[in-house]
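Novice: Here's a structure for you.
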Amino acid sequence: MDCNCFDPLLPADELLMKYQYISDFFIAVAYFSIPIELVYFVQKSAVFPYRWVLVQFGAFIVLCGATHLINLWTSTPHTRTVAMVMTTAKFSTAAVSCATAVMLVHIIPDLLSVKTRELFLKNKAAELDREMGLIRTQEETGRYVRMLTHEIRSTLDRHTILKTTLVELGRALQLEECALWMPTRTGVELQLSYTLHHQNPVGFTVPIQLPVINQVFSANCAVKISPNSAVARLRPTRKYIPGEVVAVRVPLLHLSNFQTNDWPELSPKSYALMVLMLPSNSARQWHVHELELVDVVADQVAVALSHAAILEESMRARDLLIEQNVALDLARREAETAVRARNDFLGVMNHEMRTPMHAVVALSSLLQESELIPEQRLMVETILKSSNLLATLINDVLDLSRLEDGSLQLDVGTFNLHALFREVLNLIKPVAAVKKLFVTLSLSSDFPEVAIGDEKRLMQILLNVVGNAVKFSEEGSVSVSAVNAKSESLIDPRAPEFFPVQSENHFYLRVQVKDTGSGINPQDFPKLFCKFAQNQEPATKNSAGTGLGLAICKRFVNLMEGHIWIESEGVGKGSTAIFIVKLGIPGRLNESKLPFTAGLPANHMQMTFQGLKVLVMDDNGFSRMVTKSLLVHLGCDVTTIGSGDECLRILTREHKVLIMDASITGMNCYDVAVSVHEKFGKRLERPLIVALTGNTDQVTKENCLRVGMDGVILKPVSIDKMRSVLSGLLEHGTVL
């Protein structure tokens, strides 16, 4: 059975439906016109703050209009009651919507005029505010800059200056954010270094070639930039309008930008970038006096940073200087320790080597005065001369420090030049005979026989040079020639620093030693006079190096105001050593300028010291026996002891001389000397005190004389030297 749920439509109902269609159409037209009017209003009102509300309201109306428009095609038959209600509602809605649309047409111009007046008043207020700001700019800016400058310059720490600047600017200008971008070490990026509220990650970088950065760096004042630029995107994302942003450059000065003549260097400048942001969602704008304040603060920050940079550089320089001073002090202490260790070593070696040399020289001199056949006497004399020369060599080698620090002085005296050359030749000939070398000596006719100078040093130079010639020659000959050098033969272009000056009181001795030995590579010439120098291509197994010989010779020659050099045509072609020294002419020099040397009386060789009571104190039994032998040979009554305590017990007024070794253990010789002075109050009652030492340093001699000793004897001691010492003591009361 069919059922019809709706009442049959009447002709009147069809009329109602038509009225609904008409109402829906007008409602849709009204709904669509209202958003158009609102869009027009929004566009004309640039300062309207609630645009998003209008957008939502317009969307709602558009949707309602679309709904009614669509309803024209989706209407279905309804009951009469419902149709009446819908018709009434739609008709009322259509009337209200159309009235609203018509009303808005009249209201919008009024609203726009209100907004226009409001904007006009706001602009006027802004102009008045700017004028008032301009009036207060000078006083306010000056007062605030003084305050801010005081805050900035209260410290010279770079980080404190920058942080204080951001805080004070943020407080004074009521900023939402303030940031400082610093250039990186490479200079191609800017790095976010400081922010006001710590809301952004410090360390974020942007390229320095961005247009906005170039714009700010090229301007001399603060510049407004876009809130959306890379250096201004520091605030969290919000739905409000961002405030205005300005940026200003801050010059960064370093020590390289300053010179003593007050003009900066022409070096590329570097800048930091300061970005200042007003609060978001506000109509506040930057005023002229605020921008001027920012410019002044940027300049003050640049000055403060320059002072801080100078201070930091000064602090770094001070720290570097302190480190260098510490390193120098450490090096100085290490050098002093090394010098002390070297001096201690040389002192010990000096004493230990001179003690056996003392025995050799003393016993050889005693043997020389005994009954000997001519051959034995010649051998003993050779031993004695060689021993004395060896003692001199030991003294020179162990006192190399005196050569290096310039404290070595020449022992100037009168000596026989001919005898010196013959003695050197006699010492060299036995060695040359073993190698079957032919050694010759040639002295010029005008060669002086007697000269004034240091005989031992000159002999050492000759022995070293001739000895090297014999050492590096396996066959052939060695020739030694000596001449009185003339002016034309003294000039050597290889030694421009050598300026010989001829005078009537001096002459220059030129010695040439030529050999047929292994020769020298020209590349090794600069190293010949260096200590322990090694040749690059040794020609023989014996030519490994020069040791200390030539180095000491060069220093001795320099002390004698001379010059030494070596010539050679190459390996295997022999070599020639040449040296020039300045010597005095006897009888022409002022004798007062020469060092005083005590001469022996003519009868000293025949003098004896029969019955002279002498006390010898030495803890070395062997050395004690040698010294006693010398004194007994001279006729002395000798008593030997081994310690200072025993010396003070045995020593009496009958002992005329006390000879004690300066290096005894236990109670040292200085304490013994002081105790002897205390034991014997009067000068004539106490014995004469002489120190026997192997140390050649001046400190030992000064210490001995300081405690009241009457003289110092240097080991080794020969019979003649001991005779001279005793003679000086008995005649003058001191060792001259």
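A Cβ is built for glycine as well, from the same backbone N, Cα and C atoms used for every other residue.
Sharing the record's features from TrEMBL:
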type: BINDING; residues: C64, H68; note: Cu cation binding site
type: CROSSLNK; residues: K715; note: ubiquitin cross-link
type: DOMAIN; residues: 348-585; note: domain 'Histidine kinase'
type: MOD_RES; residues: D661; note: 4-aspartylphosphate
type: TRANSMEM; residues: 19-41; note: transmembrane segment
type: TRANSMEM; residues: 53-74; note: transmembrane segment
type: TRANSMEM; residues: 94-114; note: transmembrane segment
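Could you give the neighbours, burial and distances for every feature on this list?
Specialist: Listed in sequence order, the residues of the same chain lying 6 or more apart from C64 (Cu cation binding site) and placing their CB within less than 8 Å of its CB are I27, Y31.
Taken together, the residues in the domain 'Histidine kinase' (348-585) have a mean pLDDT of 77 on the 0 to 100 scale.
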Novice: Could you state the whole-number distance in Å separating the C-alpha atoms of D661 (4-aspartylphosphate) and K715 (ubiquitin cross-link)?
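Specialist: Rounded to a whole number, the Cα-Cα distance is 10 Å.
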Novice: Looking only at Cβ atoms, how many others are within 10 Å of the one on D661 (4-aspartylphosphate)?
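Specialist: Excluding its own Cβ, the number within 10 Å is 23.
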Novice: Near K715 (ubiquitin cross-link), which residues of its own chain have a C-beta under 8 A away, given they sit six or more steps off in sequence?
Specialist: R354, T355, M357, H358, A391, L692, T693, G694
